[in-house]
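Record features (Swiss-Prot):
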| type | residues | note |
| --- | --- | --- |
| DOMAIN | 1-141 | domain 'Globin' |
| MOD_RES | Ser3 | phosphoserine |
| MOD_RES | Lys11 | N6-succinyllysine |
| MOD_RES | Lys16 | N6-succinyllysine |
| MOD_RES | Lys16 | N6-acetyllysine |
| MOD_RES | Tyr24 | phosphotyrosine |
| MOD_RES | Ser35 | phosphoserine |
| MOD_RES | Lys40 | N6-succinyllysine |
| MOD_RES | Ser49 | phosphoserine |
| BINDING | His58 | O2 binding site |
| BINDING | His87 | heme b binding site |
| MOD_RES | Thr108 | phosphothreonine |
| MOD_RES | Ser124 | phosphoserine |
| MOD_RES | Thr134 | phosphothreonine |
| MOD_RES | Thr137 | phosphothreonine |
Amino acid sequence: VLSSADKNNVKACWGKIGSHAGEYGAEALERTFCSFPTTKTYFPHFDLSHGSAQVQTHGQKVADALTKAVAHINDLPNALSDLSDLHAYKLRVDPVNFKFLSHCLLVTLACHHPEEFTPAVHASLDKFFSAVSTVLTSKYR
């Protein structure tokens, strides 16, 4: 459960990301594909090379979903319901992949914002990404 301090940390950190969210989303996806090659199986139609337009576009989608989640941090299930349906019923993404992407998002944010990435912010973002992952996998059976 996200505490008030966690929510404040997440909002403050995400606010500093600003216009770089899509760039960081794409970088985190690239890290995920490199570090966890089995994740590539969900994107057989993508050009997964560094900087590809398809990875950039999907990175922006990831960033947009996380931006929406931050904006609705007190009601993640309703905010992410459509995305949860998509991943559970249509895409059927293995839930472990959300953990992989979450880890790569943390690494990416730490690389770009080391001064803001305190232990408290790290813990808050980790809890937030975990909460988002839980919502996205809540409709799996």
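Here the Cβ of each residue, glycine as well, is placed from N, Cα and C on the backbone.
Annotated features taken from Swiss-Prot, shown on the structure.
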residue	record	Cβ contacts under 8 Å, 6 or more apart
Ser3	phosphoserine	none
Lys11	N6-succinyllysine	Val70, Ile73
Lys16	N6-succinyllysine	His113, Glu116
Tyr24	phosphotyrosine	Ile17, Gly59, Ala63, Leu105, Thr108, Leu109, His112
Ser35	phosphoserine	Phe100, Cys104
His87	heme b binding site	Val93, Leu136, Thr137
Ser124	phosphoserine	Leu2, Ala5, Asp6, Lys7, Asn9, Val10, Cys13
Thr134	phosphothreonine	none
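Over all protein chains present, the Cβ of Thr108 (phosphothreonine) has 23 other Cβ atoms lying within 10 Å. Close to His58 (O2 binding site) in the fold, though at least 6 residues off in sequence, lie Gly25, Ala26, Leu29, Phe43, Phe46, each with a CB less than 8 Å from its CB.
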